[in-house]
Amino acid sequence: MAGSGGLGGGAGDRQGTGPGQGPPLRAPRAPLALVALVLGTYCLCALLRHCPPTSRAPAPAPARTELPRAARRPGVPGLPVASGSGRRRFPQALIVGVKKGGTRALLEFLRLHPDVRALGSEPHFFDRCYERGLAWYRSLMPRTLDGQITMEKTPSYFVTREAPRRIHSMSPDTKLIVVVRNPVTRAISDYAQMLSKTPGLPSFRALAFRHGLGPVDTAWSAVRIGLYAQHLDNWLPYFPLSHFLFVSGERLVSDPAGEVGRVQDFLGLKRVVTDKHFYFNATKGFPCLKKAPGSSRPRCLGKSKGRPHPVVPPAVVQRLQDFYRPFNRKFYQMTGQDFGWD
């Protein structure tokens, strides 16, 4: 979507043959002290974000296989709604990444499925809240009935070194979904979100490169997240590739029903969410959900999704495309998918 919270648009995909192409950029780099101060403040705020509030977990109710007809989901005969019945389970599937790839859109699309019960907020259990314990984590989950899948999404799991081991300890059978997007566009989208929260940030170029257009600064999170092959290497000692599904953020825009169909197949679900559920919102630049029965209007992601990207000089885009190319190709080889970013 176009913008920082969406799935497409922004800088565009540019190809080149070498890092030296593009006109030289001579604007001075932001003073080092200012960069450190602003980034330090941003990182401190991120670290201080709280886990979801602790609450005493209610005693799980026994699972029920049948509910009165009035409690069944409208339009799906015989399918019960797991609102106050069922029990809380650990997620059988996780959307583990990546930030600004389209994870929120995918989660909202999947929540249309009657056999998917998903936590709406990001619990950040396996990266920031692990000390709360597995019982606390399970208490956050929605109740499910037999045959329904529990899910949650926290995009930072994919780049958290401890997450694979922790998730494996919970269940080695967990299914893992990674939504990936052209790493250059993703980085610009990430920066746009940062800029909306911290207007005084230095320019994208000043943060992405050392010394003007010197070496790419992989210490900056917006750049580092896009090294998908390196992050995947961290997961493979714990989970085989068969436990992963890699979703294209670009195709989630151009063909949402097709990508969601792949996800439903991966989860062992009937293809209930189809093209009849989507329409393309030209104003936002990404797919939205058609009006549901009983609703007054269609459902689109919030105002923070589809945020305009800042203008980034073509030479900066070209340099980053060149930088990511070998990492992208390794990722294609590892996953057996060519995402077309090069």
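Glycine residues also receive a Cβ, built from the backbone N, Cα and C atoms like all the rest.
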Let me make sure I read this right: TrEMBL says Cys288 forms a disulphide bond with another cysteine. Which one, out of Cys129, Cys300?
Cys300
Which of these ranges is annotated region 'Disordered' in TrEMBL: 55-84, 85-114?
55-84
What number of additional C-beta atoms lies within 10 angstroms of the C-beta atom of Gly102 (3'-phosphoadenylyl sulfate binding site)?
33
Would you mind reading off the Cα separation of Arg104 (3'-phosphoadenylyl sulfate binding site) from Cys288 (disulfide bond), to the nearest angstrom?
12
Mean predicted confidence [pLDDT] for the domain 'Sulfotransferase' (91-330):
93
Residue, out of the binding-site residues Lys100, Arg104, whose Cβ gathers the largest set of other Cβ atoms within 10 Å:
Lys100
Of the binding-site residues listed here (Lys100, Gly102, Ser189, Pro308), which is spatially closest to Cys288 (disulfide bond) when Cα positions are compared?
Gly102
To the nearest whole angstrom, state the Cα distance for the pair Lys100 (3'-phosphoadenylyl sulfate binding site) and Cys300 (disulfide bond).
16
